[in-house]
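Lifted from Swiss-Prot, the feature list:
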BINDING   H87, G128, H129, S130, G160, A161, N188, F295, E375  thiamine diphosphate binding site
BINDING   D159, N188  Mg(2+) binding site
Amino acid sequence: MPKTLHEIPRERPATPLLDRASSPAELRRLGEADLETLADELRQYLLYTVGQTGGHFGAGLGVVELTIALHYVFDTPDDRLVWDVGHQAYPHKILTERRELMGTLRQKNGLAAFPRRAESEYDTFGVGHSSTSISAALGMAIAARLQGKERKSVAVIGDGALTAGMAFEALNHASEVDADMLVILNDNDMSISHNVGGLSNYLAKILSSRTYSSMREGSKKVLSRLPGAWEIARRTEEYAKGMLVPGTLFEELGWNYIGPIDGHDLPTLVATLRNMRDMKGPQFLHVVTKKGKGFAPAELDPIGYHAITKLEAPGSAPKKTGGPKYSSVFGQWLCDMAAQDARLLGITPAMKEGSDLVAFSERYPERYFDVAIAEQHAVTLAAGMACEGMKPVVAIYSTFLQRAYDQLIHDVAVQHLDVLFAIDRAGLVGEDGPTHAGSFDISYLRCIPGMLVMTPSDEDELRKLLTTGYLFDGPAAVRYPRGSGPNHPIDPDLQPVEIGKGVVRRRGGRVALLVFGVQLAEAMKVAESLDATVVDMRFVKPLDEALVRELAGSHELLVTIEENAVMGGAGSAVGEFLASEGLEVPLLQLGLPDYYVEHAKPSEMLAECGLDAAGIEKAVRQRLDRQ
């Protein structure tokens, strides 16, 4: 059994076996008797490195044994191993020639937080969003068949990610094409079955054995010649297995289901994977693990230890600065508005903690809906609720709303339904990198007819604009970033603002800075040195055209500032209006560049994009010098 630790090591632990397994090839030279000791060392090293850098935590601890077994049995990187989401991939990185680089994890120019093709040949598919692994591994399996290659394709997916429709679409397609691939369900929530133990492990070994597989294939060849006989035999086998193991659903989808087995029992994992490696057709292995395994605090609080920040030296922990988190402001607003309006319903696609819906879910459980990882369903669910006079609020990360774009247009906007989208994590998100950045929501929202799109500049503005969007008759979106605000006083009243009207925060001379969002604070820092007018635009759509027209007539340069892609963003909206009016004032658009900004600290990313105070001032002065 894995050893259980109670503290994160502050000193690098001794790992003599792990030092001999820097690559899967070296790992495969170890004896099976060494693997359990290797697992203990890998878990200690993982605790140490994540303690130094911060990062996703519990999921990786839970798949230490599974990761070792996969690389021990399969010929990676020639065999294709695809991790879903990637939260659990740190042990994989350690075993695939990146152990000594783990100290750079999630840092600028360091290792990415998720598997990434450009980083290693062992990262066969770049991930970050959930439920993509089975589709990707199926594509690889089909390619191998067409290329005449014998390589294996393996997808590892969690029980949460398996709830998404895309995963079931891939399962269905794989059975249709009879793909030679293996899907491993990493069930770390016990949401599918508690049926784990000696009997399940024994059955898994039997059902995955060469003898059983040969008998099954031989019987299939004989019985397939007899009309109806093979179908009767198949159903009999399925019924017998279904009485003992909970795989009927997957068997119905055309998969050979094995499990559930203990995902921390290395001998069973290795034996079962060896048996399944050479089995033909779609194979499904159900493995039960414990999130946070081997670290007592994480086992007791798997949600709280999903990710951690880096350890600070004793007595040196930084004091909290700034205001409340934007997500907390949203969570409080949701509860306050719900107290006033019984029609309000809260919807989240598996982001209760991240979007700060915990208090709402506890106060109004009958009005709270966590639809799991099902963004498309979340949006159309809200549309159906709105059809019946309810007031749904969809709390969703910007990067995940992309997954429901058709539903946003077809099911909500075309019907002009009254749905409010509270779009969290808008803009750059720091160490999680480009897969989690909300770089495009202004661009993909402002082109939708009838959509109200708002960009608050601080905590108080967020509360006001949420109220404005909630009271608006039609689809509305409020985008706000990860992290804390500037500690602006918050008006407790639920008061809306006038739609389509910006606010001039400072009057200046030659330059007008038109700010869409939280960069207002950075713009104010340089306003005096630039003698600039500073405007909190508030609304991307409808744009405050009267204000833009007035600013164009009284300034030599207009500068738009947004934490969104420049292409198609708020600056583009201003440029389109100026062109339509024949206003020839120069326009400088500052925002995210036309490339994916790699993971780093948020301050480093903003500096790279020229969206901090220094970058804004530099860009404006360079433009003025050319005029």
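Placed from the backbone N, Cα and C atoms, the Cβ positions cover glycine too.
Feature annotations (Swiss-Prot) mapped to structure.
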residue	record	Cβ contacts under 8 Å, 6 or more apart
H129	thiamine diphosphate binding site	V85, T399, F400, R403, T435
N188	thiamine diphosphate binding site	A59, G62, G158, D159, G263, V288, T289, K290, K291, P302
E375	thiamine diphosphate binding site	P349, I396, F400, L401, R403, A404
Would you find the one among the binding-site residues H87, D159, G160 whose Cβ has the most company, meaning other Cβ atoms within 10 Å? H87
Hey, what's the widest CA-to-CA gap across H87, G128, H129, S130, G160, A161, N188, F295, E375, the thiamine diphosphate contacts in the record, in Å? 32
Three-class DSSP assignment, G160 (thiamine diphosphate binding site), comes back as coil
